[in-house]
Amino acid sequence: MGSLFPLSLLFFLAAAYPGVGSALGRRTKRAQSPKGSPLAPSGTSVPFWVRMSPEFVAVQPGKSVQLNCSNSCPQPQNSSLRTPLRQGKTLRGPGWVSYQLLDVRAWSSLAHCLVTCAGKTRWATSRITAYKPPHSVILEPPVLKGRKYTLRCHVTQVFPVGYLVVTLRHGSRVIYSESLERFTGLDLANVTLTYEFAAGPRDFWQPVICHARLNLDGLVVRNSSAPITLMLAWSPAPTALASGSIAALVGILLTVGAAYLCKCLAMKSQA
């Protein structure tokens, strides 16, 4: 009879205060959890990171690339690579996957590594650029027309042309520079740049050099021509002009000399 009173009191409290009964139920369930810790909800995500290495890589057309995707997920559910490039061998290890990309020819492509952990998906990205440095940079001998020199520079077998910058340098200063970003072709190309340069007296005997530069999102590839010195002797016009001036000067001197000689002879004959 003594134990019946507390039991009746418990039922009375549960009926009067429903929260007490639910709290007791939750306390009982927690006590039944393993190791005495509350059970994690099924929708809880595990914090983790995903990284790609290298994040940027540049190769010559037709070469292969190796990309490494690492993550901090203790038990990844899935790991995959999304890219328009053709994939080769795939190697896997604890916390990493290595992907091989074959025959890279597109000038710029993206590769996304996706990792799913506890129902949540994260990703990282690498950019792959294909390029071909200029095979040669050739500066033709300047041609003088009137008072201007025509400079012509040839850049051969370069890709992608849209990222090429051609610069003409005379001595220590840049006399012309052009970016070819308007060209969007996907093949190797030859580029010719023509520029007219009005040279003054101080510009002679100084070298002219043609520089070609590819700017590939962090990678810079350069090539240059052999220097060529501006000289008056390259143009027949200045030579002819100089010869005519010398001949005229000689003629004047001969005339003056002959007149002076005749005057001297006349003075002697009078004496």
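The backbone N, Cα and C atoms fix where each Cβ goes, glycine too.
Look at Swiss-Prot and you will find Cys69-Cys113 (among others) tagged as disulfide bond. All protein chains considered, the CB of Cys113 (disulfide bond) has 24 other CB atoms within 10 Å.
What Swiss-Prot lists as disulfide bond is Cys69-Cys117 (among others). In the three-state DSSP classification, Cys117 (disulfide bond) falls within a strand. Of all Cβ atoms in the protein chains displayed, 22 besides its own lie within 10 Å of the Cβ of Cys117 (disulfide bond).
Residues annotated as disulfide bond in Swiss-Prot, with similarity to another entry given as evidence: Cys73-Cys117 (among others).
The number of other Cβ atoms within 10 Å of the Cβ belonging to Cys210 (disulfide bond), over all protein chains shown, comes to 26. Under the heading disulfide bond, Swiss-Prot lists Cys153-Cys210 (among others).
Residues or ranges marked as domain 'Ig-like C2-type 1' by Swiss-Prot: 62-124.
What Swiss-Prot records for 146-217 is domain 'Ig-like C2-type 2'. In the predicted model, the domain 'Ig-like C2-type 2' (146-217) shows an average pLDDT of 87.
Annotation comment: Swiss-Prot describes Asn68 (among others) as N-linked glycosylation site. Taking a C-beta cut-off of under 8 Å and a sequence gap of six or more, Asn68 (N-linked glycosylation site) has these contacts in its own chain: Met52, Ser53, Trp96, Val97, Ser98, Tyr99.
The Cβ of Asn78 (N-linked glycosylation site) has Leu114, Val115, Thr116 as same-chain neighbours under 8 Å, each 6 or more residues away in sequence. The DSSP secondary structure for Asn78 (N-linked glycosylation site) is strand. Residues or ranges marked as N-linked glycosylation site by Swiss-Prot: Asn78 (among others).
Residues annotated as N-linked glycosylation site in Swiss-Prot, with sequence analysis given as evidence: Asn190 (among others). In three-state terms derived from DSSP, Asn190 (N-linked glycosylation site) belongs to an extended strand segment. Cβ neighbour count for Asn190 (N-linked glycosylation site): 13 (other Cβ atoms within 10 Å of its Cβ, all protein chains included).
Residues or ranges marked as N-linked glycosylation site in Swiss-Prot (evidence: sequence analysis): Asn223 (among others). DSSP classifies Asn223 (N-linked glycosylation site) as strand under the three-state reduction. Sequence-distant contacts (6 or more apart, same chain, Cβ under 8 Å) of Asn223 (N-linked glycosylation site) comprise Pro133, Pro134, Ser136, Val137, Val155, His211, Ala212.
Annotation source Swiss-Prot lists signal peptide at 1-22.
The topological domain 'Extracellular' feature in Swiss-Prot is assigned to 23-240; the stated evidence is sequence analysis.
Per Swiss-Prot, the feature topological domain 'Cytoplasmic' maps to 262-271; the stated evidence is sequence analysis.
The transmembrane segment feature in Swiss-Prot is assigned to 241-261.
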### Message
Between the Cα atoms of Cys69 (disulfide bond) and Asn190 (N-linked glycosylation site), what distance do you get, rounded to the nearest Å?
### Response
38
## Note on the structure
Cα nearest Cys153 (disulfide bond) among recorded positions (Cys73, Cys113, Cys117, Asn190) -> Asn190
#### Entry: Candidates Cys73, Asn190, Cys210, namely the recorded positions, that fall within 10 Å of Cys117 (disulfide bond) by Cα distance
Cys73
### DSSP-derived structure type at Cys153 (disulfide bond), helix or strand or else coil
strand
